[in-house]
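Trainee: Quick one: the structure is below, questions incoming.
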Amino acid sequence: MVKKSRWHWIPQVRSFSWRKLPIRGTPQYIARGLAAGVFAGLFPLFGLQTIVGVVLATLLKGNKLMAAAGTWISNPLTYVPILLFNFQIGRWLLNFDNLAFTTEAIADWQTFLEVGTEFIVALFTGCFVVGLFCAIASYFLCIPLIYYLRRHKTNQQLRQKMHHEQSSFRTKKLSPRETNRHNSNQKP
């Protein structure tokens, strides 16, 4: 029995390509799904972002697969920077300049609820505004990108088809009659 290398899975991962996934639909349909996913991905709904993104894509009549992929804008490496940025935007929009956490605020239950409520309101306001901006931007950036990728894919398929036809024509053995016809069609 041949023992597998511990790296036997690498070629399989390399062969996988997002370009091979069939994402069907109009560019607007796909972009609506991506925008819904990006919007949901910027909220602190850990574990529910994909579900919210797919539901939003359904309501907006967008691509559900792209909505799920769009929620990947937030991941364990980007949660903290995104949420801090969203909180700062919400705090700035709501003019909560004196909102700060101290040990005294945590010690008293009433103060903790007031500060916590202000924090959540500022965070979700920032998430909504930043999410709306990023969703609109991703929608309008996605449409021309899809047109470009589809045109590039079509051109690549045409080149492959032409190359295949040329190589099969060269290797094809012609009968004497076809050889005469082929030679007579060429200009001297």
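Cβ from N, Cα, C; glycine included.
TrEMBL labels come from automatic prediction, so no person has curated them.
Features from TrEMBL:
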- 14-153: domain 'DUF2062' (DOMAIN)
- 160-188: region 'Disordered' (REGION)
- 34-60: transmembrane segment (TRANSMEM)
- 72-94: transmembrane segment (TRANSMEM)
- 119-149: transmembrane segment (TRANSMEM)
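Walk me through where these features lie, including what they touch and how far apart they are.
Mentor: Over the domain 'DUF2062' (14-153) the predicted model carries a mean pLDDT of 85.
Here the transmembrane segment (34-60) has long-range neighbours at 66-74, 79, 82-83, 86, 123-124, 127, 130-132, 134-136, 138-139, 142, meaning same-chain residues at least 6 beyond its ends whose C-beta is under 8 angstroms from one of its own.
Under 8 Å from some Cβ of the transmembrane segment (119-149) lie the Cβ atoms of residues 19, 27-28, 30-32, 34-36, 38-44, 70, 73, 83, 85-91, 93-94, 96, 99, 101, all in the same chain and six or more residues away from its ends.
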Trainee: Tell me the residue counts in helix, strand and coil for the domain 'DUF2062' (14-153), as DSSP assigns them.
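Mentor: Secondary-structure composition of the domain 'DUF2062' (14-153): 107 helix, 0 strand, 33 coil.
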Trainee: By Cβ distance under 8 Å, which residues at least 6 away from the ends of the transmembrane segment (72-94) in the same chain are close to it?
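Mentor: 37-38, 41-42, 44, 46, 49, 119, 121-127, 129-130, 134.
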